[in-house]
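TrEMBL lists 294-303 with the feature compositional bias 'Low complexity'. Annotation source TrEMBL lists compositional bias 'Pro residues' at 308-318. Feature annotation from TrEMBL assigns domain 'EamA' to 14-145, 160-290. Taken from TrEMBL, the feature region 'Disordered' covers 294-318. Residues annotated as transmembrane segment in TrEMBL: 12-38, 44-61, 73-95, 101-122, 134-154, 160-178, 190-212, 218-237, 249-270.
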Amino acid sequence: MRRPCIVRPVKYSLALVFAALFWAGNYVVGAVAVQSISPLDLNWWRWTLASVPLLVLAQLIEKPDWRAVLRHWPRLLLLAALGLTGYTLLLYGALQFTTPQSASLVNAANPAVMVVLAALLLHERMGWRGILGLLVSLFGVLLVITDGALASVLSLRFNLGDLLMLGAIVVWSLYTIFGRGLKVPPITATAVQAGMVAVLMAPVAVAGGVSWPAEAPIAWALVYIVVFPSIGSYLLWNIGAHGMPAGRAGLYLNLITVFTVVIAVALGAVLTVPQLLGGLIVFAGVALSSLRPARTDAPAPRDAPIEVSPPLPGAKKP
C-alpha cells in the first residue's frame, strides 16, 4: 500500500519551520550577547566555530569537487564580505540600539528591497505590483522605525538601530543578487565563506583582544548562535527548500519575523500598536510585490528544483 503523499511535504515544511525558528532566536539571543561582546567578536566567534562543522556537513551531504569550488573563490570572497560579514555586523550592531522585534519587522521588508535592487542592477522588470508593493512595505517600515510618529521623518529623527537594520537588508539583498547562479552547492558555499571570514577576520579580532565570554549566559548565547542559526538553520533550510518549489519555500522566511516577535513578547517585551500595524503592512507589501500575473496563453511550468544560497533570514537570515 502506498504511503500518503502528504508525508514528504510535512517533513520538508517542518524543516523550514524549525530553520526559521532558529534564525528568529538569533535576533533575541544576539540582542543579549551584544550587551557584553562586540558585534565584531561575536561574528568572528560565530563563523570560526561554525566553519568546521559546516565543512564536514558539506562533505557528507553534498560531496563537492573542492578544486572546482575553489575556482570560484573571488565570488565566494565577495559573498563572505557581504552576507557573513557585512550583514551580520550590521544586524548585531542594530541589536545594540533597537529591540529584536523591531529589527525583525524592518527585516521583513527585505524581499521588497531585493526587487528594487534586482531592477537596478540586473534590469529585471518590476511591474506595477513590484512598485506598489515596495511603497507599501516602505510605509510599514516607517511606521515601525518611527513607532507611529511619522512626523519625525521630516526632522530625520530615527533610532540608530533601525537605520543599521535598513543597511543590513540592503547588504543582504546584494548578497542574494550576487549569489544567483553560483555553481557551488549551498552548504558548501556557506562553509567556504565561513572559513574565509574566520581566517580574514582573525587578525582584527586578535588585535582587538578577542576572548571567550567569561559570563556563562553570554557563553551559552554564543553556543546557541553557532549551533542553531549558523549550522542547524542552514542544514534544515536546504533539506526543506529542496523538497518544494522555490516560491513556496521562500514564504517560510516570513516566519522569522513572526517567531521573533512571539519569543520577544513571551520574554516580556512590549509590542506597540504602530509596530504591529507596521509589520502587517510590510507583509502586505511583500505579498503584493511577490504576486505574478496569471498567464492564459501558456501552460503552467513544472516546479523546478530549487538552488538556494541560504539566507538568515531574508532572503530575510540571521
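Placed from the backbone N, Cα and C atoms, the Cβ positions cover glycine too.
Note that TrEMBL annotation is computational and uncurated.
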Worksheet item: Of the listed stretches 12-38, 73-95, 134-154, 218-237, 249-270, which one has the most C-beta pairs under 8 A with the transmembrane segment (101-122)?
Response: 134-154
Discussion item. Let me spell it out: take the transmembrane segment (12-38), skip the flanking residues so only those 6+ beyond its ends count, and list any with a Cβ under 8 Å from a Cβ in it.
Written reply: 45, 91-93, 95-96, 99-101, 103-104, 208, 213, 215, 217-218, 221-222, 224-225, 228-229, 232-234, 236-237, 239-244, 249, 252-253, 255-260, 263-264, 267, 312-313, 317-318
Worksheet item: Under an 8 Å Cβ to Cβ limit, what residues of the same chain, 6 or more beyond the ends of the transmembrane segment (44-61), are close to it?
Response: 37, 84, 88, 185, 187-188, 190-192, 194-195, 197-198, 201-202, 204-205, 210, 212, 222, 225-226, 230-231, 234-235, 238
Item to complete: Please spell out the DSSP helix, strand and coil residue counts for the domain 'EamA' (160-290).
Response: 104 helix, 0 strand, 27 coil
Response to the item:
In DSSP terms, the domain 'EamA' (14-145) comprises 110 helix, 0 strand, 22 coil
